[in-house]
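K.L.:
If you scroll down you'll find the structure; I have some questions about it.
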């Protein structure tokens, strides 16, 4: 693992001394005479980096043990002649046919016993010994070949681990899971039985050799503790597979950076997986949200979530146009909306504003064959530059002006949510009760912060909260007791903690705790839960959350009756909807409480934070915590983000609409993107990066 890598922190810069900017390039898809012209065009667009080789295993190893890197040697040289460096990828997301033909048992198996097949990608089990050996062999050959090539500056491991499909019930995975459990429980099968509660439904195991992977509907619901450990194993198996590659690359050239392009389901991006990376990569495709009204806030929330795992990141794939894939089998084809003129640039600059320290567009040229022909590149399939290319070229000049000002900086965070914990999300998914999961709830809360122009982010409960004024724990059911002490110290120092319903109700094995909710947080919050109910239909026995002097808010999904301690005050109570007498005895009883702790405060909200309840509860809590907008007085809809670093703060303002927006006079500032004095009208999808006022 890289010894220079600091502990994970949402404020950690990447450490890059330059801003990598470029595209994903597939020279194996085009004639060789294209390469020199492509390199010339890339350089003219301000590109300094190309990512290559993630799906070219067969080109580099056409048969087992015989390697041929001549294609990429020539491409790397052609790019270097124009000043474009190369980031290579280990090509293990798409093993050659000769491998799967020799090892048919390496194919992953889904929960219903069906093997995956060659002809797509990510179809082989990371637990299979022969696959791990083949992965190490191609990685070692590439690393040795390029160790002294000055034009290769970094690596991406594999490609999009856990994309499309993350489950695995193959024989290799079953044996790997059994070995993983034996190590976790110290060889004590009784300890496993106790941790999983296998006394329920006569599930006891007599030895680790009897363990199975949890299947869906076999014939009914599986054990949530069993499922959580299986997901943890799959994540760990992927991390082990990646570590094989990272150790080889580090040994070959310690100066190379190593990253991976996520993020996808059921992978612990803060755990062992991240320890082997210099920084995380995030493939950013905002058009997956087709509702333009929700897209900016959702895009911002996903970028914040990535930064919350390990700090600043790069974007190895930034959407450059409409994206899509062909349909086959049970998967229908699709094609996303096309970004409007200026919107592609804004997507990229939103990423930069929220912690991106390097960005590559996907892709350079639209593919003329294969499953991703609908995925548009900067050049069309006929090789003509598109408006997307021209937009990227204009952005290249802007980033050259901006990069020195943001180097070494981090994103300012005044208010944060906790939604990016692997165990929480995996465990909640195994026992969700149909409730919105923590990351969805965090997005609801982030929308409130986004709309108010608050400096916001996602911060893990184990991370450093220095500088954060308000911190929201949205329904953190699987709460780690080790988080309590640092959270209490932060609150006593002046922090405002907001705790959502059901927090602390389960242990980290996904079993209910034997103490009243909120479990280990009860003393800090000064409250316990006396009653609760699931609200499956808000029109049946409806409940309203009422604060004195304000209109009530109808609550959905979940409600709790609270019993405040002697030092807690009631901030809101339950009320029945007028004309509906059936309220389960909730009416008039406490629903939200607050308690002063040192210089700070803890608020417990006994309801599920939907967009409605988050919009009603959070604004006064933000005010009480002293959280103010980055720039007060901005028009509604204008997004504000600030990066803070050695060269001072840089404030980004983004207009995510198709109409121009006038801004208030913010004083004499420079726009670092244009290099000129800032003006106070943002065009459609416009962005400015402002210095502090001068004079």
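Each residue, glycine too, has its Cβ placed from N, Cα and C.
In TrEMBL, annotation is done automatically, which means it is predicted and not curated.
Sharing the features that TrEMBL gives for it:
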{"type": "DOMAIN", "residues": "24-401", "note": "domain 'Glycoside hydrolase family 42 N-terminal'"}
{"type": "BINDING", "residues": "121, 159", "note": "substrate binding site"}
{"type": "ACT_SITE", "residues": "160", "note": "active site, proton donor"}
{"type": "ACT_SITE", "residues": "317", "note": "active site, nucleophile"}
{"type": "DOMAIN", "residues": "435-627", "note": "domain 'Beta-galactosidase trimerisation'"}
K.L.:
Mean pLDDT over the domain 'Glycoside hydrolase family 42 N-terminal' (24-401): what is the value?
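P.N.:
Overall, the domain 'Glycoside hydrolase family 42 N-terminal' (24-401) comes to a mean pLDDT of 95.
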K.L.:
Taking the Cβ of residue 159 (substrate binding site) as centre, how many other Cβ atoms lie within 10 Å?
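P.N.:
The Cβ of residue 159 (substrate binding site) has 23 Cβ neighbours within 10 Å.
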K.L.:
Measure from the Cβ of the residue listed as 'active site, proton donor' and count the other Cβ atoms within 10 Å, all protein chains considered.
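P.N.:
Taking every protein chain into account, the count is 20.
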K.L.:
What's the number of neighbouring CB atoms sitting within 10 A of the CB on residue 121 (substrate binding site)?
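P.N.:
That number is 18.
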K.L.:
Taking the Cβ of residue 317 (active site, nucleophile) as the centre, how many other Cβ atoms fall within a 10 Å radius?
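P.N.:
Excluding its own Cβ, the number within 10 Å is 23.
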K.L.:
According to DSSP, which kind of secondary structure is residue 317 (active site, nucleophile) found in, if we only use helix, strand and coil?
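P.N.:
In three-state terms, residue 317 (active site, nucleophile) counts as strand.
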K.L.:
Which of the three DSSP-derived classes (helix, strand, coil) applies to residue 160 (active site, proton donor)?
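P.N.:
Once the DSSP labels are grouped into three classes, residue 160 (active site, proton donor) ends up as coil.
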K.L.:
Roughly how many Å separate the Cα of residue 317 (active site, nucleophile) from that of residue 160 (active site, proton donor), to the nearest whole number?
P.N.:
10
K.L.:
Does DSSP give residue 121 (substrate binding site) helix, strand or coil?
P.N.:
coil
K.L.:
Measuring Cα to Cα, tell me the gap between residue 121 (substrate binding site) and residue 160 (active site, proton donor) in whole angstrom.
P.N.:
10
